[in-house]
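Database features (Swiss-Prot):
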TOPO_DOM  34-433  topological domain 'Extracellular'
DOMAIN    63-102  domain 'EGF-like 1'
DISULFID  67-78  disulfide bond
CARBOHYD  75  N-linked glycosylation site
DISULFID  92-101  disulfide bond
DOMAIN    114-145  domain 'EGF-like 2'
DISULFID  118-126  disulfide bond
DISULFID  120-133  disulfide bond
DISULFID  164-173  disulfide bond
DOMAIN    175-204  domain 'EGF-like 4'
DISULFID  179-192  disulfide bond
DISULFID  194-203  disulfide bond
DISULFID  209-221  disulfide bond
DISULFID  223-232  disulfide bond
DISULFID  236-243  disulfide bond
DISULFID  238-250  disulfide bond
CARBOHYD  302  N-linked glycosylation site
CARBOHYD  357  N-linked glycosylation site
DISULFID  385-394  disulfide bond
CARBOHYD  395  N-linked glycosylation site
TOPO_DOM  455-833  topological domain 'Cytoplasmic'
MOD_RES   538  phosphoserine
MOD_RES   600  phosphoserine
MOD_RES   638  phosphoserine
MOD_RES   640  phosphoserine
MOD_RES   695  phosphoserine
């Protein structure tokens, strides 16, 4: 135990002596090492009073940037086995204890003052500072707890593996080796390993390789460096390479080439045999011949060898620039930043420019073909035709009936002939003239209508005293309306074919005027497809189309307001009224004067004639009550309410077009000479006038025109009775007042007008021919007190030849029979009563 302690004390003393020598060197030679600045926050660092100089505090010495070495000086100097831990304080080293620190720790203890117990005792010894175990012979393990099993060797202190002594092999070194002196035994396998220069199984053959080793099994020479040949007797001449061991060819090192590897790689190449190319080194600088490294790279490249392009979206020096966006999402060039690829039809740094100058495709590398009246598509090169043409080269005009882009739209013209570009309809010469004439006509008509409105508005502002004037002075507005209607009939006819004209509607109402005048233009060409229309059809007051009749009737309010005034005026004239003399005009005369207005009136359609006669009579009866009473003085109408407003006709027998055709029209159109065998005057168009074509003349103009006295045609008187009008007779009876007669006729007119829109089939024409006989009989009975000449005229039937020319006259004959029946019954009623 003591021997062991003395052996352990020697190394400790030597370690302490080395520590003291180090401290002495640091003390004596402080200037050998450059002093390091102290850290103001380091351990034991103080400032000199009165200055900012940093220094170690008292009792401490600098170590690095702080003061970590304690100084024990003077009487406090530490002994050999002591360590200064604080200024003037010493402690025993690890492994020693005692008052003077001169006693070594026992084997089972270690550490400061020998306070730590050793865990590897008693098969080992702990190190004084760390406590690590050092096992005794034949022991191994972390705490020396395992016994060594090697028979002819030692155990590894950590793993326990056997280390066999020479001549022994195996896991526990229990097998002996049988090798010659020129070999050694393998401790794992027991095989003999020949020494250098010997070969064979027993290593008893010497190598003949010129001092070079040979293979142990075959004896083949393994030449040393820079030697080659079968016996390694030839010298290698490769400067920067290795020789082949058999033929001596050189295998050059990286960066050299040539037969003897004496030529360095040219610029831009590196590697074995200079077969690899350098990357994009900046300025054509050579790369390292061995590894191919570049100092700096060209713009757009990076990597140690400058062989990698910039990442997507970056370009330029060091790949530090971000690419601007390219059209259609393409990436830019990693060197220049420009777009690398553009879609077909686009070029430019950002693919923002279309192909021009007749080019198309990728990079605008293709030339467009001739596209005629079109242009080339900058992407595909296909011809895009302008409106009106088509075809692969845009040189074919659109066929008839088509227009627009690629001739894909159909023309809307009736003749299917339109402009191939715009689709506008072509107008022929006569059509253009028709449109121009229609425009001029509309302008003229608008001017006339405005004049009429101004006149009517001026008449409305008259004071109440003007209303009390005689009925003769009130005829001016009525005459003006009739004149305007006749002027419109005289306007020329303009063929418009299928062209449409705007519709003009002007309505006028004048409280002073007892007529309510309305003017409507005819339906459009599509609604009424007639080749032409006249002003008569346009502004006739007796239109009976599907859009409704256009007429002039006494206004109800105006009639009611003026009824008292007219009744008073009528009473003053009744006393002087008697049978009309030969020289005065009669209702038959009025009917004869009406058709003689103009040729243009006779050329109007046969639909408006009969109805126009009735409307004209209604207007005259309202405007001239005194004269009407004078003419109707011979009749005595029943004062019963049902006679004032007769019931409407039976819808089953009502004609489709008008309820006042036939004999009334014939009588209105008949001139003053005897009607037998007489024909109507021809119209300007060359057509013969029929009773249905008779026109109506405004009452104002008819009254002003004087004419010779003529007997009233009996058919006209019969028709007047059929319509509810009073006619002069020889028998004097109480005359009906003009307002009452006008009200009755207006009510009957409204009832008849409402039934015009109903589309019933008219009765057969054969039944209408027999309607004359009852009317003639009733007319003879009711006119028994008339003069002899008037009775003869009433009993004589009117000629039927003109009425047979137009089929439209036949339905009204039945209506005339029904209308004539009611007045006849009304005429007999007073006699019966």
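Backbone N, Cα and C define each Cβ position, glycine as well.
Listed by sequence, the residues of this chain that lie at least six past the ends of the domain 'EGF-like 4' (175-204) yet keep a Cβ under 8 A from its Cβ atoms are 163-164, 166-169, 211, 213-219. Note: the CA-CA distance between residue 78 (disulfide bond) and residue 92 (disulfide bond) rounds to 9 Å.
In this structure, the CA atom of residue 395 (N-linked glycosylation site) is 91 Å away from the CA atom of residue 223 (disulfide bond).
DSSP places the residues of the domain 'EGF-like 2' (114-145) in helix, strand and coil in these numbers: 0 helix, 10 strand, 22 coil. The disulfide-bonded residues recorded for this entry are 67, 133, 173, 250, and the Cα of 250 lies nearest to that of residue 223 (disulfide bond). Residues within less than 8 Å, Cβ to Cβ, of residue 101 (disulfide bond) and separated from it by at least 6 positions along the same chain comprise 79, 81, 82, 91, 92, 93.
Under DSSP, the residues of the domain 'EGF-like 4' (175-204) split into helix, strand and coil as follows: 0 helix, 10 strand, 20 coil. Secondary structure at residue 75 (N-linked glycosylation site), taken from DSSP and collapsed to helix, strand or coil, is helix. If you check the disulfide-bonded residues 164, 221, 250, 394 against residue 236 (disulfide bond), the ones with a Cα inside 10 Å of its Cα are 250. With respect to residue 394 (disulfide bond), the closest of these recorded positions in Cα terms is 243, chosen from 75, 118, 243.
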